[in-house]
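Listed in TrEMBL for this protein:
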type     : residues : note
TRANSMEM : 123-143  : transmembrane segment
TRANSMEM : 214-236  : transmembrane segment
TRANSMEM : 242-262  : transmembrane segment
TRANSMEM : 390-410  : transmembrane segment
TRANSMEM : 430-450  : transmembrane segment
TRANSMEM : 471-491  : transmembrane segment
TRANSMEM : 511-531  : transmembrane segment
TRANSMEM : 543-570  : transmembrane segment
TRANSMEM : 590-611  : transmembrane segment
């Protein structure tokens, strides 16, 4: 599915070549790139051959690894709350709390794996090592669900409060397995997308375009695994048994590891560049030490290594920026217009960038002695630009939290809304959570359409090789997510009106909100992954991918906080509130409109941030 036929490939390459600058075409035609020039190496430590390594020939193994790993993860996560209540005999509140804590942990541990990958082990060995931890956790979880001694006695048809609870040993085995999975996924999630993108040489314009396509198919692979888990595995767990229901994803995790290792001879590897936290601190300390020094008028006098790459392993040099971008007058007035620093009347961010630039100022003593080796006193321009890049990415990251708040409704209030609707088809009752399949299906349908049809079509008008910029793509996703919640609000308003006449609205009216959110995913999630990879410093890509995942965790926690506060304040004075247990007595539509308002406020803020954003320029 990833590889097109020869004629289609030739046509795409011709279009791509027409979009390249004359310099890029000349460089490509002179044959200057028989090996990758982005600092990567092959399995033997040599510059990798473009014909024998990387590109699409390496990607099937990485995509297969991700598909199987996500199937394993969702095979546990999708129905975990049911296991807590039916097998461990926990209450609904306790089970929901345990599941949310575990899922939150799964999105926080990537920070650990990312720092290890970027600082010490590299992405390949981090994925390999944490995959082993992941597999051990899956095996322990399967044992806890299979062996009678490791789980409470069956207690069918009786309230959970009356059943015997799990013992300390049973909980110990279960939670050890569960949190080993959380730790394992922390080393895989932030690394595998970046490792896949590493297979494409950023200095080759043609491979750079193909990399954009890789992110689409990467997300497609995730949703293949999610779809199988949401359908087949959930059915096995509830109708055949939990032992087999956990064994199947464990086997697929083993297949995931095997797929990853089989492709090893074809991979390109980026060297770890040392601790990103240390490098950021070095810039701040060096800048503070030289606070009283003046910046040179000519930026070429700032310190930079003469080597082709920066002093950081596998990291290209980054062009100096002043951090200020010309923007339309109305936007200038709105963005930090009340913060005017320096005689040039420019925003505070320029002042911050000038402060950071002082870390690369060569003092008189350093100039005379040639003492350029202490990064706590003198940093390269590239190292300073890395910190600036992280600062510029933060507002984009923060605005994405609102999207995560809206998206989290799929697995929470969308389900509760569906539970209050007519779910009967003849004698079959539709589980409301199963409608999440529509979201997954629309993603699986939309990605090939986007990659094969929409991108070439839009490219004709924009002149951008991948059709839309990452920020434009994310912006469309933000807008569609707001439409999805608005659709849910309209459905809820109509449902409440019908409920007053004792008429139950069909659950199939929820389909449009799931479809809109699925299309929003294709735009926002994939755009976000690609943005954080492309814009992050070369030696910090795993960390920046982890920050994107942290965005999801923060959004989930914020959604929970908003819901808790709304439920509390709207129920004061003995009222039912907006979100009571019986939704027919509440106003869930008001809550949805509140989220729509939040999204509508976020969109212009996001637009302003995008207008001001300055892209990283690698040399």
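Backbone N, Cα and C atoms are what each Cβ position is placed from, and that goes for glycine too.
What you see is a predicted model, and the numbers here were worked out from it, not measured in a lab.
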*asked:* Using a threshold of three or more Cβ pairs below 8 Å, and leaving out pairs closer than 6 in sequence, do the transmembrane segment (123-143) and the transmembrane segment (242-262) count as in contact?
replied: yes
_Residue numbers, six or more beyond the limits of the transmembrane segment (471-491), whose CB comes under 8 Å of its CB atoms_ = 396, 399-400, 402-403, 406-407, 409, 413-414, 417, 505, 509-510, 512-514, 516-517, 519-528, 530-531, 589, 592-593, 595-596, 599-600, 602-603, 606-607, 610, 613
*What same-chain residues lie close to the transmembrane segment (590-611): Cβ under 8 Å, and 6 or more beyond its ends?*
325, 327-328, 331, 334-335, 395-396, 399, 402-403, 405-406, 409, 413, 471-472, 474-475, 478-479, 481-482, 485-486, 488-489, 492, 562-563, 566, 578-579
